[in-house]
Amino acid sequence: MKIHNSAFSSAILFILIILRYSALSLAEQIPSAAYDRVLFSERRCFHRENKETASPCKNNTQLGSAAVAECEVCSEAVLSLAQRPETVEWLKRIRRKIHENPELAFEETETSGLIREELDLMEVSYRYPLAKTGIRAWIGTGGPPFVAIRADMDALPIQEAAEWEYKSKVPGKMHACGHDAHVAMLTGAAKILKTREHLLKGTVILLFQPAEEAGNGAKRMMQDGALEDVEAIFAAHVSHEHPTGIIGSRPGPLLAGCGFFRAVISGKKAFAANPHHSVDPVLAASAAVISIQGIVSRESNPLDSQVVSVTSFNGGNNLDMIPDTVVIGGTFRAFSNTSFYQLLERIEQVIVEQASVYRCSAEVDFFEKEYTIYPPTVNDDRMYEHVKKVSIDLLGQKNFRVVPPMMGAEDFSFYSEVVPSAFFYIGIRNETLGSTHTGHSPYFMIDEDVLPIGAAAHATIAERYLIEHG
């Protein structure tokens, strides 16, 4: 059958218009980072004082030729200082001493003491304690602009299985996430910045933070004034996914918001031989677990990544008795606060309603009083570009990567809710040394060649920020 060309063209145009408007009406916009940040502050778990937060940094991306030259000289000089043999050995000594003596959240007294000893030797001013064991140090003019760099200090309750000379001396405790390296790198940055203090165009704030793993170290630091006057903040994390010395980051959402839940589903116990005498919480809990899986698969936008995982199910150990309670628990994650709180609400609704279907009751706890709810870690576009630019100048184009978002979580996100920030990774992967295991593994190892690179990156990011915003 033949169709006249003009009629065919009109029909095609009409179909395209219909499809376009259908797509516009059906597509759901993922919330912007700015809207999302406001949502988190207005909802539960993040109570901020009613005052204006630090204003965004001035846009000084168009630097003059003299400033550009100054930045290039800064990068070369800082890297040269960090790579001096005596500096490298000093960085290793600090990291190894901390690794041998790991301390859990809010117990980092020896770690904090070691840092303060080094700061005293450098004649760096600091305030202690913040958040029980934390430190806020400063180097520079004492005036604006103020830029912060943060390192976390706490270890994990893990028995180290890797065999090497500086293995953990504390049974059941280990630096299995690289925080010992983070402390060494930031202490190294302090030494470099102190050497170059006469060149700084403002003030660098150094934050040594406890309890990243526990979930409220950053909150406690902020409550104690860690971000006073700070207009931007940066932090790094070692990564086994990238070769040693590679720096990786991305603009926008980098790490997910994370929460945990525990639900107690209550019924009536009875002998298993007489189930009709019971109100069976096992059946109710099982239905809840199945139904929870439909929240992400059938209710969320497939382009807005989310996860709900039930990781615990406990109804007791008596094989001949239907219990009166079952406890289930797990975690949920999303890259926007909007989606995150939708998950939270639906998890509670599904568990309570499924319990009701089977004549049981349910109470759901999200551990909000313990501050275990993290917002997403969202990189400010300008701060990300700053990290990218500095990294390329410092290490070369091939040593910077744009990385995908990850479902992991970081309490650095609390800082990013208040001031513009950027979080980035520094690679430690080295097959020869065995530094290939993921964080929180008992076999976790670090290629210590990363230490001077991380120290130089921290120092250069801070110094260059002051040059560009002073």
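Just so you know, the numbers here start at 1 and follow the chain as drawn.
Including glycine, each Cβ sits where the backbone N, Cα and C put it.
Owing to the predicted nature of the structure, the values given are computational and were not obtained by experimental measurement.
Annotation note: H179 (Mn(2+) binding site) sits in a helical segment as assigned by DSSP. Annotation source TrEMBL lists Mn(2+) binding site at C177, H179, E213, H237, H440.
Under the heading signal peptide, TrEMBL lists 1-27.
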Report summary line: Within 8 Å of the Cβ centroid of C177, H179, E213, H237, H440, the other same-chain residues by Cβ around the recorded Mn(2+) site are D152, D154, L156, H175, A176, G178, E212, G439
Query raised in the report: Around H237 (Mn(2+) binding site), how many other C-beta atoms are within 10 angstroms of its C-beta?
Result: 22
Query raised in the report: Around H179 (Mn(2+) binding site), how many other C-beta atoms are within 10 angstroms of its C-beta?
Result: 28
Query - Proximal but sequence-remote residues of the same chain as E213 (Mn(2+) binding site) (Cβ under 8 Å, at least 6 apart) - result: L104, A105, D152, D154, A155, L156, C177
Requested in this report: Mind giving me a neighbour count for C177 (Mn(2+) binding site)? Other Cβ atoms within 10 Å of its Cβ, every protein chain shown.
Outcome: 22
